[in-house]
């Protein structure tokens, strides 16, 4: 179970002893038997100081138990899964997700030397990437191990590292595609086995291509030995390939409906293992990921659908039922739904498939025979077809992936990642295990040769004599497998025979290979053979070897598949053209020629194909620099951090780790640089040796003295090489010396303590003896009488002495009282005088301070008033200028209105002409009317004559009638005649009246139009006068509009009334009897009425046009009125302000006179005060009078100051109200004027050509910003928006160009960051908040300053990053506290760079001082300096803590002391620069301080655990546990952290709420930068233009 046990020798071994008395770790004792003839002693254990090392080659004793124990300590106790073993990285599968693979960890390992950090897969990937870039040589990373050891995950992390550190920045996203290929290959090539839930069932070699800039440009994938048998059969508790279960999980989705899928347990090929699900795995989500990566690689939806069709067809093919028909026949039902689904999906003929699955065709010489086969052979044919289809599909998908990963561009170099199966041995081993172990034999041979080569190169580089190292060579095993008449050769030969069997092949092996010592025949079996591999003996069962090697499929089935209507399937079975092996067509010359088939029609066997691909792989690996990763499976139960020593040692033997140890142990495994040896073992040196300056010679002298046998060590150029066990011997000597020193120190301390105690006791004893002896002598020599006399004398003396003492006391007391009285009086008087002086001083100070405060307040108030008045005057000037612009606009509008008015006059003239024409027409009409009247009169006269004749005739006729009738008729006719004559007279009058009315109307209209014309002329004159008179225009126009509307209304109303009266008169006198007369007589009236209507329509249209024109003029006048009212209001306000200022100016002489009188009065009061102070005798009266006089003086002084301030404010306002042009010469406004065409020259001289180290720039910080702002201020003062915008854009573009061209220039970035910040402050200080333009450009300048700040911080970080780890961690700032430990092979890589600079904490402080001085020199504000230093200190703390977390050798108590010391240096630097307050820089170092404290504190008891939880508040749970697990003692006096204590701390940390779970701190984190407003103290008015800047084209205003 334990393989090896640790024990301690209880009794020294002596030659001839047959037993060793040992004590195990659990306390039990045992006897270990020895062979007295040649005693084989047990392996010696390494010192505890070497246990748990990062590199196994650093162990002093290199053997199997030491390696196993070291791995166990690191894995179980320290929870570290990676360990170096020379050039091998041993990776133990933790079966748990760890926080060591984030992007921050990748950045931490990027650029680091191998061995500087803890072992990691990223360190191996970085070493490969670095060697590729440095040596221009292709690299390979070989990842191997058992199933379930973590090979796939390790290879995936290596490719992820390359994708992260070599970002191409192109739009093709090749890195993402390379990583996206993993889910697809895992879906179609991985499956669940008894050992692993995601076991790769094929080998894979991925070449990642790089261009000349070492950026990924593509990838290519080669696969080896896919396990096709898994498609048709799985062992118990295993699954088929993942893709089948993913498809079944998505059977209900629309895309998979046509595939006729069902649950996985309903298909034979997916249910043979009994398990269709994996705990914690969601096949449906995995299918989504698979399809997403298909799309990411650019594989079309149609191709994906074709792939799923083929896979579904394989599943349906497995469910085809083949039944026995007799003993030698078989058949398939035509109604089988699965055979129908298979044929439909793949487009093949159902008849052909069912026929050739159950029959076979034999070609004879003369005929062809079709023979039925048994159901067993038919099932084999079905399974063979399924395996062949899946294998072709697998190759097709890999080919498509390779095509998708090819990007245009020439490959410069590549890094290959080989994920291949490790050495395997099971209870039943078959053809697959044979091929796998054959491949591992080839890889082990290549590995041994590479290790041997590296050892030889190391010896030659160090000028050490090379001695031949004996190591295991597995070439005989390889010859046994692949040589002529070897196992593969005999297997291919047996496959050539149609009737060949596994038994016949096995018998040939027994016959031909029986004499080979590496080949054995099992004792109890005739169906197996045994091969002695480099790792172990393996027994192979011969059953199935021939069938798997042939991999045959009936030609009839192949022909059927070729005739498929499904193109993808038909392409699978096309005849292959003869060519070389390999996807790239690389011509490979194998080490041994393969077996050539005698017939061209014979297919190449699987063994031959695998041997050819293996030769190609070995050629590729031999042409590259290999890096090895060996994955170890710690236990079979997949329990996290459980260590099964038996299983681990089997894998260590199989993967070549122990062989590396063996090769290293053969020579000089322990190697130290001279500096490391001197630092570690200086304690063993004598004083004379330490005095020597040549450290190499000192090391030589010490070693020659300590180790007598010179063969146990060798001196190289840079290192000392030790045989196995010599470092342990030196460690023992060092420990003995330390123990001896401790004993010596303890001896002297204990002796001093005991001597001190003894002397104290001796002194006390002597004193006691003196008193005892004196008492005894007194008792012996003194009598009773003598005692009485002596007592009486003592009493007398007592009283006498008392009397004398009392007298002396009384005399001294009286004297003392007198002295005290005088002294106290003097002191009281002195104190009183002091109090008086203090009170007077307080009064004077009070009034002086009050006077100073008032003076400051008045000065500030004057300043505020001046600023307010200047601002108000500026605003009034702007308003006046705006009003002037508006007046100009109004004048233009008035001009346009005058033009419009002129056009209106022209129209009026045309109307007058038309009226003249209408007058002439009217005259002609009147003449026509006169003629018509004369004609009518003539007609009436004729009618009258005819009427008289008719009357005469009528009278004659009436006379003949009866008298009564004649009289009646005569009366009627008389009435009728009178009525007719009356009507005619009335008609003529009406016609005359109508003509008169029309004439009057026309005359009135002409008069109205003339009146309108006259008034429009007056309006034109008034409009011209309005520009001078103001608001009178509006009232005139309104009166005019009212008059016009009245005229129009009166005229229209009169016409309507006249027409109404005319109609009433006409129709009142009409009657029905006169209709016939009116129809004849009124024809002339109708003609007149028609003409009258036409004239009326013309006049109405003219009136409407004039009315519309009047309304338009009225609207224009209203607008003009509003504008003039606004102007008048502004003028009124300006006039009022001017009047007020004039009135105030008139008061100034009176105020001046008052001030002079008050000043005179003040002087008189001061003189009185001085006289009174000199003549004061009593303190109280002096104080009261002084208070009253000082109060009066204070009141007068306030009044004088108030009046003076008022006078100054009035004078200032008076000056502000004057013309803008300055009248006083040599008074500058803090502005610079330049011409527009000089703007490029201005930008060139002030921005582009300005150097931060110029003399003028150093004398006047932020001068560039001040000059630019003065130009901006002048452009804004002139209200020249175009010039201001152009200048601002030019400034921004110029600064951007400068910082872009000098991205890595710290001084220039600091200079422009300071100037941009000053520019922001100037914009805020001198510009009003209401300025929109100022606000916009302030935002732009703020964004530019933020950009410069981030670039500035990046440059600082880039310079500081190489100094942080050496200065804070590696440099020993505390002398005498060495933390050097033995190192292994990996640490040797850093010794190549001997010339690189060594950084210390002083280097870091010097760089920080340089930064601070540069920022101060450029006038950067303190608040910005503090923010930059806060960011810098955060980087120092984060980078240092991240390095501690990734370096186990830095987790020690002494290193914690060094870190605390270095932090104190940083704090002292902050105090020296006066930056402790306000920067929060030390707050950013809290995590590092707590980590250093954690390394130093005790870590044993429960109280220690609670204290750790309380103190480490800035560290999260993952970081605390990582530090505790990585804690490494430097000496034997320190103790390791017990795993129980770590678990206890971890349990207490579970109660913590929130917090991050990330291991690393993000060094790219940026604190938010702010630019608070800081007013400038520089007066722009006093700034002079330096002549060195060549700014002669700029003028000060």
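Glycine residues also receive a Cβ, built from the backbone N, Cα and C atoms like all the rest.
Just so you know, TrEMBL annotations never went through curation; they're auto-generated.
TrEMBL lists 51-735 with the feature domain 'Myosin motor'. If you take every residue in the domain 'Myosin motor' (51-735) and average the pLDDT, you get 84.
Look at TrEMBL and you will find 145, 146, 147, 148, 149, 150, 151, 152 tagged as ATP binding site.
For 614-636, the entry in TrEMBL reads region 'Actin-binding'.
According to TrEMBL, the coiled coil annotation covers 908-1029 (among others).
If you look up TrEMBL, you'll see 1103-1213 (among others) marked as coiled coil.
Residues or ranges marked as domain 'Dilute' in TrEMBL: 1289-1551.
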In the structure shown, which of the binding-site residues 145, 148, 150 has the fewest other Cβ atoms within 10 Å?
148
Show which residues of the chain containing residue 146 (ATP binding site), separated from it by at least 6 in sequence, have their CB under 8 Å from its CB.
195, 422, 423, 424, 631, 633, 651, 654
I'd like the Cβ neighbour count for residue 152 (ATP binding site), meaning other Cβ atoms within 10 Å of its Cβ, all protein chains included.
23
If you run through the region 'Actin-binding' (614-636) with DSSP, how many residues end up as helix, strand and coil?
9 helix, 8 strand, 6 coil
Take the Cβ of residue 151 (ATP binding site) and count every other Cβ within 10 Å, whichever protein chain it belongs to.
28
For ATP, what surrounds 145, 146, 147, 148, 149, 150, 151, 152 with a Cβ no more than 8 Å from their Cβ centroid?
93, 196, 199, 200, 422, 631, 633
Excluding near sequence neighbours, so keeping only residues 6 or more apart in the same chain, what lies with its CB under 8 A of residue 147 (ATP binding site)?
193, 195, 196, 199, 200, 421, 424
